[in-house]
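Asks: Sharing the feature lines straight out of Swiss-Prot:
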- 638-799: domain 'Helicase ATP-binding' (DOMAIN)
- Gly651, Asp652, Val653, Gly654, Tyr655, Gly656, Lys657, Thr658: ATP binding site (BINDING)
- 752-755: motif 'DEEQ box' (MOTIF)
- 820-974: domain 'Helicase C-terminal' (DOMAIN)
Amino acid sequence: MDNIQTFIKESDDFKSIINGLHEGLKEQLLAGLSGSARSVFTSALANETNKPIFLITHNLYQAQKVTDDLTSLLEDRSVLLYPVNELISSEIAVASPELRAQRLDVINRLTNGEAPIVVAPVAAIRRMLPPVEVWKSSQMLIQVGHDIEPDQLASRLVEVGYERSDMVSAPGEFSIRGGIIDIYPLTSENPVRIELFDTEVDSIRSFNSDDQRSIETLTSINIGPAKELIIRPEEKARAMEKIDSGLAASLKKLKADKQKEILHANISHDKERLSEGQTDQELVKYLSYFYEKPASLLDYTPDNTLLILDEVSRIHEMEEQLQKEEAEFITNLLEEGKILHDIRLSFSFQKIVAEQKRPLLYYSLFLRHVHHTSPQNIVNVSGRQMQSFHGQMNVLAGEMERFKKSNFTVVFLGANKERTQKLSSVLADYDIEAAMTDSKKALVQGQVYIMEGELQSGFELPLMKLAVITEEELFKNRVKKKPRKQKLTNAERIKSYSELQIGDYVVHINHGIGKYLGIETLEINGIHKDYLNIHYQGSDKLYVPVEQIDQVQKYVGSEGKEPKLYKLGGSEWKRVKKKVETSVQDIADDLIKLYAEREASKGYAFSPDHEMQREFESAFPYQETEDQLRSIHEIKKDMERERPMDRLLCGDVGYGKTEVAIRAAFKAIGDGKQVALLVPTTILAQQHYETIKERFQDYPINIGLLSRFRTRKEANETIKGLKNGTVDIVIGTHRLLSKDVVYKDLGLLIIDEEQRFGVTHKEKIKQIKANVDVLTLTATPIPRTLHMSMLGVRDLSVIETPPENRFPVQTYVVEYNGALVREAIERELARGGQVYFLYNRVEDIERKADEISMLVPDAKVAYAHGKMTENELETVMLSFLEGESDVLVSTTIIETGVDIPNVNTLIVFDADKMGLSQLYQLRGRVGRSNRVAYAYFTYRRDKVLTEVAEKRLQAIKEFTELGSGFKIAMRDLTIRGAGNLLGAQQHGFIDSVGFDLYSQMLKEAIEERKGDTAKTEQFETEIDVELDAYIPETYIQDGKQKIDMYKRFRSVATIEEKNELQDEMIDRFGNYPKEVEYLFTVAEMKVYARQERVELIKQDKDAVRLTISEEASAEIDGQKLFELGNQYGRQIGLGMEGKKLKISIQTKGRSADEWLDTVLGMLKGLKDVKKQTISST
């Protein structure tokens, strides 16, 4: 927005600051500006001086806002945010990697000599970092043609925070497989694969972490640290020495033996972890021991950097608060015997600033003296925030009149092209003339403009006669930005949950549930093969050859339930399977009957979209996700058909289901039909009512609400309106199902969370459903597999992508302590937010709420639990929703439904006792707005955790690191979804055979009834040849990857797929050995054999025999087959067995490669030996 900056640059105030910089003044103060006006001033300084700028704010939230502004204003400069959580205790907790990746990116860019604009909260400056030279020496440049010693590289990677794994799927991991090294730098979008020829780097390629395939070839790669803690051998030795002397000094200060014992045990444990080479977060507390002189972030910035302190008095207040919190935190750790007495955790911000040689510029809203500052130049700018118009255009028109009289230049900003056009038409409606312009064109004094651009807030600068108005002031709702691309996209795409781990339960289709013990290579009659080793009841074991891998599935049942192992060869599994089969057949019958009824019934076919519909949709202030757009398209297509719609729309709370439903409602109202939206609770009704009222405000649509919050008079008016057709859309609880509610012409029924209505209500819903279009919304994920099997029974649309929001929820797993809770709550309240405190024990929830009130006396604390009456619960929730209470202590009832964007901190008590899926859903309750949200999963101090709880906490830790926890959560939710869809009684059946087998059985039963069985049966060839065809341990070590590859071999259906798999294996694992080559040969044989319907390829003592199916044999021309065989001389024998052709190929005295060539040659040639069919003309 260069043209807005020009106004600032031409002012005397700006020139005064620039002169001060030229004259070498150490400190200057700029007062009077706030919000985005400050950002415009900063961007003008950046452009004018062309110097790097380091801007410090009081907290992270403010730093984000400033970063967003500067990114919009400075298109040609890189603006970086250095995000640090202000809570000192969270520093040493296990934390999510996204913010760390951003911090590392900033440090790497600074050490590589870039001169960006960096924005950081004061907490970032207090933080200790490795000295700059240590960081620089930790950068590794790897180039093609250079030599690398894999073991040395592995040691260095571990020193700088990387973790070794079997397969690289998340940032911060590396793996070494023979001459192939995969590394996922934290600051790269994709991981890299380095291939060695002996020790020389032969090639470097980036690859996709999902399918592990290469993307592009590189000539070099710079690998920076994966953590901010770098521990080389010399640092380790220094720290060990200091820990020993610190421990001796601390033990002297303690009186009680018990205390000494605890301290000694804890510190010894830390030393052990340090000597093992661990670099986890908990060792961060020893940072001052590792380095002679730790660095601050400012030490990394170029010498000519201009330092700006944004609202300097607030920064000093925050510094005091941080010092106080840190002192309390250290006191707590000292009491617990977890820290030494002389440890420093951070720098003093004031001291660092005082030591700076660089020029300082202070921003302050008011002109006043601030402690610790002595500015030599003070500039007071006349400026004010733009007032909010909240859609009241008559107020804006009055303001515009004032601007015109004073000869102001006015700029309206719209987020994108569509928004600027919308702005133009809105202003024209109120006779406000505005010219379209862009940020490069000069502005003429006294004119009104519309321009594409985004700022956090508008402002007015009276002396410069400039006013900037954003959509934030014009309309109530803020337009969401398209975020800057996150670096961690690939890590979030998580592999299918069906991957097998050793110790998992599995289901064999013929033998039942067993425990998977790994993959083993066995030698039988001199032939090597890989087998899955499955343990059954007692000491029974089953070895399943990998070619039968599709008969084994991972067992997925309800979370926390251990399945029973079956006895091999027993009849119990057959009995259980039979029972489930019968139940599945019944369900399939019901579903097919339902399907036939739906197809036969006649409804109303809505007309295609018209201009008004398109206009209504373009007024949506956010960016739709692809899933939203697809769902909208599917729903409209259904509505335009004559058959009544029955569609389920699935998506988590806050994923944008409501907007999809609103568009469907608008379409129905456009055709003169009425719409009813049925919701389970009064609060949800209220929320939907507010949303719909706001979305429909520019259209002549009459909206009714029927709930406990309406007076009798209001309710009667709505009921009357529904009967005579004056009410177009009604939102209501089960009150809508009462006998007195009659519609003139209902066209669309929208049901939110149908599973939360009781049986009697569901019956009434069925009656209304009969001939109207029905859209059901649910937040419980419905499994895709089940959806496939139910295709055509109930249509399903799924919204799986969350709305684009810049910051993922920062998740911490940490011991519970009062100081942490107080800090987290106070921090959230300080930024105007609210807190969920999850406490899952109804009996003493009141006591817990009182405890929190005592911890944070300023907070208004409320509590809610499931044993309250519906009315009590709704009253509490409503007052929380309206901001009358700050902290809600609640049981898991907050899992569902109500969306409160202002809640951005979640604290979970006893997280180890909760299901992963619950934790995942709870975590989804925060982080709905454009702020960083925090989730603290706490467990009780010094509690011995059960093995299950420990595993669960481990999984939560993994899922803070974007690991597999997400998959487990989705899996459990999926099962719940299945239960909801099919009825609760199915839960037991799903558990008894596992979810995947159940889905498969249901799918087959439905296809059988639809007559689709012929389509699903594929011709299978059985191949039994004596070849060492397997994946040796030396080629792929990891069992999971082996299984994955065997599955891929099994699914090869064409020669193209075989070739692709060959390329992929060479790409991922290097050149393959003979044993793997034989696997490819067998796969190729199978492709041709299937095409020519060869039933069996079997090797006996001296030949390989091919048996061709009866139908295929009948099509073969004997003469042509004889000629084909002659090409191979005496090695081929031909004969018939009944009506089936048999071909035998000699193996005696020939190498495997020779007879394989002949087998392949004969199989390929079969397509050319068919009888000619003479077409009749």
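Our numbering is plain: 1 for the first residue shown, then up by one each step along the chain.
Backbone N, Cα and C atoms are what each Cβ position is placed from, and that goes for glycine too.
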Asks: Along the motif 'DEEQ box' (752-755), what average pLDDT does this model show?
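Replies: Within the motif 'DEEQ box' (752-755), the model's average pLDDT equals 78.
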Asks: Tell me, how many other CB atoms lie within 10 A of the CB of Thr658 (ATP binding site), whichever protein chain they belong to?
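Replies: There are 22 of them.
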Asks: Which number gives the other C-beta atoms within 10 angstroms of the C-beta of Lys657 (ATP binding site), all protein chains shown included?
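Replies: Taking all protein chains shown, Lys657 (ATP binding site) has 23 Cβ neighbours within 10 Å.
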Asks: Counting across all protein chains present, how many other Cβ atoms fall within 10 Å of the Cβ of Tyr655 (ATP binding site)?
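Replies: By my count, 22.
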Asks: In DSSP terms, helix, strand or coil for Gly651 (ATP binding site)?
Replies: strand
Asks: Counting all other Cβ atoms within 10 Å across every protein chain shown, which of the binding-site residues Gly651, Gly656 scores highest?
Replies: Gly651
Asks: For Lys657 (ATP binding site), what is the secondary structure state per DSSP, taken as helix, strand or coil?
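Replies: For Lys657 (ATP binding site) - judged by DSSP and reduced to three states - the answer is helix.
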